[in-house]
Amino acid sequence: MSNTTVTPRMRSYGWNTHFVATSRAFHFAGVYQHHDNAFLTFRDIVDELRLCFELPDSTKKEDSWNDIAFGLDKRNRNNSDLAIFVKEEELDTVVPSLPSPDAQERAVVRYHVVRHGQCNLPEGSSLEAHLKASCATHIPRPERRHDPRYLPPKKASEDTRVAKMPFRRRAKPRTGSQSPKREHSGSVSPDKDGEETQHISDMIVPVTEDINRTYAQRIMDSFRSSVMVSAKRCAVTRKGQSWCISPAIGPSLQACHIVPQQQFHVYPDSSNGQDMQFSSRRLHEAWLSTWAPANGILMMSHIHEFFDARLFSIHPETFRIRAFVPYDAILDYHGSIANVPQDVDRAALAHHYDMCCIENMAANMLLPELTTTLTSRAATSGTNSPFTARSDLPATPGPDTSGDPPKRKRIIKDASEKGPDQYHQDGSVDARERKRQRVDVFNVEDTERIREMRFDSYITSYNCQNFLAEVDFELGKLVDYGE
């Protein structure tokens, strides 16, 4: 299987409907709308704009995407089949697209996104007429909206308060004659016979969980067998049934996680978007949910790869397959109904669908790189910080951090009692010594903090956020039960 990475530029290049803002026509978003099987409406576009972007002139009390209209660009006005101006009461109109004989050279429809109020202009008036009548105004340049659920495809959180990889092997020192080995991506991949293989070393678990290797392997094996109980063909291609009585399914069929196991902490639940990342109980339930059969769909290996890369998704209500890019390997199934189990978790499907919308519609406007800022903020304060994307999670603390805490703290003290050769003439500590000392401090304090967080019967200075998050999580479940 090819390991070609789908870049944001590749996603935006697949758009055949562009959306622009400001009087200078800033191109900020777009979608792919299949010409022969079009079902996206302008109302769908508004919902996706609301999911991906914010307008700087909006307030918390007002929805920044209310009273939105779409005006056709001048260059597309020679086509009478395209809607010239789409007002709020006409948002259920299907978004038009033009036929493209060559997938690599698409015909593009371009719409200006504007605010629109009460007007008396006749039907079919142009964008310029609405702007001149002052019933329409250009929207300001949108800003990329931060969604705390979002992580790039196949990436895990780097937040050490959330997850760990307890079975990852520690890297050994490499000699100059050895070449670096390729690391596992953390996703399911087929072996030479097309069967899926999952490496237990890639399993990610909540940071407070103590899971042995045998139990972890049983959870992993159970997921595949449970998904195959209710399906024997690919949910998209409807192919893959074996020609033999046993096994009942053919080669290259894989049990696909709808919400990736690397991103278990964002599994949708009763928190309704509230930040409960410190609740170990919520993390535990979310982790179990990612390995539940309701979070699984049977797919052919290459379809599985497209699904994980967010090139297509399955609508959580209609089960209709939507291609987000004009890739011919997917277009044959665009618009068809996926054959998913009746007990599939629709909330998990909705999460995947939302992530596909963000990944593709907002491909032109990337989130700023805040990894360094957020990491330093998390280390120095108790405030919440958004999850950042990274695949190389730290391994479980090793045996060198166990034992009597006072004895381990002596390491730090010894570092400060070094001879005068550790100091420069200006009295500053050698940079290498300071770096080693900071690492020792982090190991001791971080390990103690994690241990304190596991005692949830009373509040300590370490577990206060975790304790209150547990209370909020349990109260939230009671509210849901009462409804």
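Quick reminder: no glycine exception, Cβ is built from N, Cα and C everywhere.
Remember, TrEMBL labels are computer predictions, not curated facts.
What TrEMBL records for 140-162, 180-199, 412-433 is compositional bias 'Basic and acidic residues'. TrEMBL lists 234-315 with the feature domain 'HNH nuclease'. Residues or ranges marked as region 'Disordered' by TrEMBL: 137-203, 377-434.
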DSSP-derived helix, strand and coil totals, residue by residue, for the compositional bias 'Basic and acidic residues' (140-162): 0 helix, 4 strand, 19 coil
Average model confidence [pLDDT] within the domain 'HNH nuclease' (234-315): 88
Secondary structure content, the domain 'HNH nuclease' (234-315) (per DSSP, counts of residues): 28 helix, 15 strand, 39 coil
